Amino acid sequence: MTLQIPPLTRRQRRVPDRRPAWEEPPSPVGNATKAVVIAVIVAVMVLPFLVVLSTSLASREEITAAGGFVLFPTEPTLEAYRTILSGGLITRAVLVSAGITAVGTALSLLTTITLAYALSKPGVPGRKPVLLLVLFTLLFAPGMIPMYVVVKELGLLDSYWSLILPGLVNAFNLVVMRAFFMNIPEELYQAARIDGAGDFRILTRIVLPLSKGVVAVVGLFYAVTYWNAFFNAMLYLNDSGKWPIQLILRTYVVQNKQLTGDALGVTNMPPQQAISMAVVMIALLPILALYPFLQKYFTKGVLTGAIKG
Amino acid sequence: MLALMVPGLAFFLVFFYVPMLGNVIAFQDYQPFIGFQDSPFVGFANLQELFADPAFWEAVRNTLVFALLQLLLFFPAPLALALLVNSLISGRTRRFVQSIVYLPHFISWVLVVALFQQVLGGAGLLNNFLREHGMQPWDLMTNPDTFPLLITGQAIWKDVGWGMIIYLAALASVDQSLYESAAVDGAGRWRRMWHITLPAVRSVTILLLVLRLGDILSVGFEQFLLQRDAVGARAAEVLDTYVFYHGVVYGDWGIGAAAGLVKGVVGALMIWGANKVAHAFGEQGVYSK
């Protein structure tokens, strides 16, 4: 069985910024419609982020005066951020998420790289059946209940490992990485082998330095997945002291449970609305920080062009 | 080399193939404290009970309604957006629009729902505005009647840009001289689109449709789980949330596993069937033998 996605050009061809001579000029009405549609799409995409950012910076007086939301805070204050990051529930959740993301991404990359490498070389015993085992996982999902039972019987309930191990390797990432490794010229391997390098040495000294791009893409993908994960925490963690930020967000912002000064470890609370929005921003921030890289790597078709079993 | 294979292979065995075998729970009266090795087998009793449960059929019906809406509204949206963006002459505008619309793909569903609440919820921006101007508030986040549209709207908002990427790549690979010759031969804007642009994205569209059909029973689990409390189970219960609530929350392990298994098997059959159809149309589909 092979997976196939139609080959795409690696780099989108730059169409010059001029209308070709043969193309009829657009009607003014058509042009205006297009501009309006684009403007509306951009506004709809950006507005929610703006609302959240501005309200998180607004002061109590402004929020009360505006009845909840402030689009343009006149005296922006970081009070809400100071409050949630000064220790207590949310600080802890941010640290948990950051830890899970860091450790999880490292372990996922390690496991994915080693298996992808082993499966990329012809002549490795058991390569075909193992590859089939991996590809089959793309077609079928074992189901939530059996997963829960396995995690429970392994004694991982209420352990941070339950947020990492069940999703350690993504078969799709593995296939992408393997395809990339397969494109490395065979001569490089042979030369290294003649020089006496073993499999592991070849991996660290030759394959990985040549694969920085794909490792970055897959690493970013894992990091975003770990940071964004919420359901596995809800399923496997009963102890709310261990919750990651996404589950905090669900409980205190989506379900609107009251956050108290006690839980946050402060006596003087900024307005609830500003606190909620600051939590949203904190959960959003790492993604925004990574976004330039995400956009650069993902959209160049690195992921889409590479799949061929 | 074999040693390098061990961690990855161990992962797939422990967290895919063992749970896969664990699906025997669907045919057991599973008792958590004795484990699935010792729980008594009950044959097809769980399946019978499942199929007799009206709540299950409601979940099936909801799943199909949401899936259909997504096919009708969400599926064509990225293609439409790609055609629009592709028609922009200025490269700067194009890149600006792209970098805006890709962003929501990378944020979590929890954040998406939180953002939607802030804009459309009972205490959100829209309703603040309506109240201030003396109009009736209109809470979209807790209204079961408009919920299907809300769900589809959220899905489009989050992933329309992401879905567009693959179409843009397909459009960029069209030979520009085709358009020129067609224009010289007198084909107008719309005829060029019909005869050149759309055939160019046909393969990709069919591929994505096959993928979508194969995954049709997964309509967005987290999205529904997060909003089920707000609109009620009748409107928001889909197969995945049914499995979660009946299996994990209410402790009907066998029933939950049976529902999950039904979903998994139907899903695998859908992929297989959709591929057959794709092959019949002379397209490659997701896999070829």
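Yeah, the Cβs are placed from backbone N, Cα and C, and that goes for glycine too.
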Which range, B:231-252, B:253-274, does TrEMBL list as transmembrane segment?
B:253-274
What range among B:1-21, B:106-126 does TrEMBL record as transmembrane segment?
B:106-126
Surrounding residues of the transmembrane segment (B:253-274) on its own chain - C-beta under 8 Å, 6+ positions past either end:
22-23, 25-30, 32, 42, 45-47, 49-50, 53, 56, 59, 209-210, 213-218, 239-240, 242-244, 246-247, 285-286
Flag the pair the transmembrane segment (B:193-214) / the transmembrane segment (B:106-126) as in contact if three or more Cβ pairs fall under 8 Å (sequence separation 6 or more).
no
By a Cβ-Cβ criterion of under 8 Å, what residues six or more beyond either terminus of the transmembrane segment (B:106-126) are in contact with it?
137-142, 150, 154, 157-158, 220, 222-223, 226-227
